[in-house]
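Structure, as structure tokens:
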Amino acid sequence: MAQSFKRVFLVVMDSVGIGEAPDAEQFGDLGAHTLGHIAEQRNGLNMPHLAQLGLSHIEPVQGVSADAAPIASFGKMEEVSAGKDTMTGHWEIMGLRIDTPFRVFEKFPEDLIGRLETFSGRKIIGNKPASGTEILDELGQEHVDTGALIVYTSADSVLQIAAHEEVVPLEELYRICEYARDITRDDPYMLGRIIARPFLGEQGAWVRTSNRHDYALKPFDRTVMNELETAGLDVISLGKIADIFDGEGVTDAIRTKSNMDGMDQLVKQLDRDFTGLCFLNLVDFDALFGHRRDPQGYGQALEEFDARLLEVFERLQEDDLLIITADHGNDPVHPGTDHTREYVPLLVYSKSGAAKDLGIRSTFADLGATVADNFNVKMPAHGKSFLSEL
């Protein structure tokens, strides 16, 4: 039954894939199955609320029962865009199709490093994938002693520049990052984000400050979020959603410190009266466990998330819609440290709706189309609404 929901709560479990996509081989990801492999490694996952919603009706997950009739509609979605990074996944969810993938570098090319050194007048050290705290432990003192800029990346499309605020003034760091942003918008670099990472302190006690600044790419076209904002509806970003969309279409942005903080913020929004979309990204699955190839930690984080769903269920109103999905895979048993090209789960729950099999959706954009359809705003160019199937 098609029905208009006053509030839509969209939760992206960052990197929680549910099995190799049809084109997985092109990405080197044959056999990837984030949820399945975590469940195997832990001899089953204890996730009674996701079981209730119908997770194992999409694809059997060890320990997650499919015995009872699900209370939510369920299915899985295939990505059609050319990349498997966070920005690509989220942009496609909101109705865009990305045909030129953002680039991910193990090491930035000498040409790019040379241009940054010439512009800044400073040497560059690092130039490798690293966690922000580890790279400071390793290179922080050298930076303070020499004034060289610390450049590092991750398994996402990002270039980060760290500098001590007493060595490189903030305005100078921001100016360098703006230059980096300008020269990496297109091929051959095509980077999703440049991040200024200022810090203070001394060896053994470095502290990253709140003066971080992200220089993202704006979505190349209007997304469903833009259409909601234009229509005067609320678009509440929780976690890194606002960064992913460079603030486009966001009416209220609330940062989060962790998955559990994200769930705390979600509960607060459930207690708030608004009309529109509340969009949450839970990044710990990806950042702390997927890239670090830690299936035990990943499994524990999934179970902790599941335990919090009861608070969500209790607060949902009759005219609320809860959608749980992911943006790509990151199988912690798969070789390497990169994302994996997978289907993502789709669980759609309302207290007033029946449970339907939504099948395999041919693009993540079906989700955005459904949100647009619900609020009677302009439909995205990509995606087919499943609102009438609920």
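Cβ coordinates come from backbone N, Cα and C, glycine included.
Among His213, His339, only His339 appears in Swiss-Prot as part of the Mn(2+) 2 site alongside Asp286, His291. By neighbour count, meaning other C-beta atoms within 10 Å, the densest spot among the binding-site residues Asp14, Asp286 is Asp286. Asp286 (Mn(2+) 2 binding site) sits 10 Å from His328 (Mn(2+) 1 binding site), taking the C-alpha atoms as the reference points.
Rounded to a whole number, the distance between the Cα atoms of His328 (Mn(2+) 1 binding site) and His339 (Mn(2+) 2 binding site) is 7 Å. For Asp327 (Mn(2+) 1 binding site), the Cβ neighbour count at a 10 Å cut-off comes to 29, with all displayed protein chains included. Long-range Cβ contacts of His328 (Mn(2+) 1 binding site) within its own chain (separation 6+, distance under 8 Å): Ser15, Gly17, Glu79, Lys84, Asp85, Thr86, Thr88, Gly89, His339, Thr340, Arg341, Glu342, Val344.
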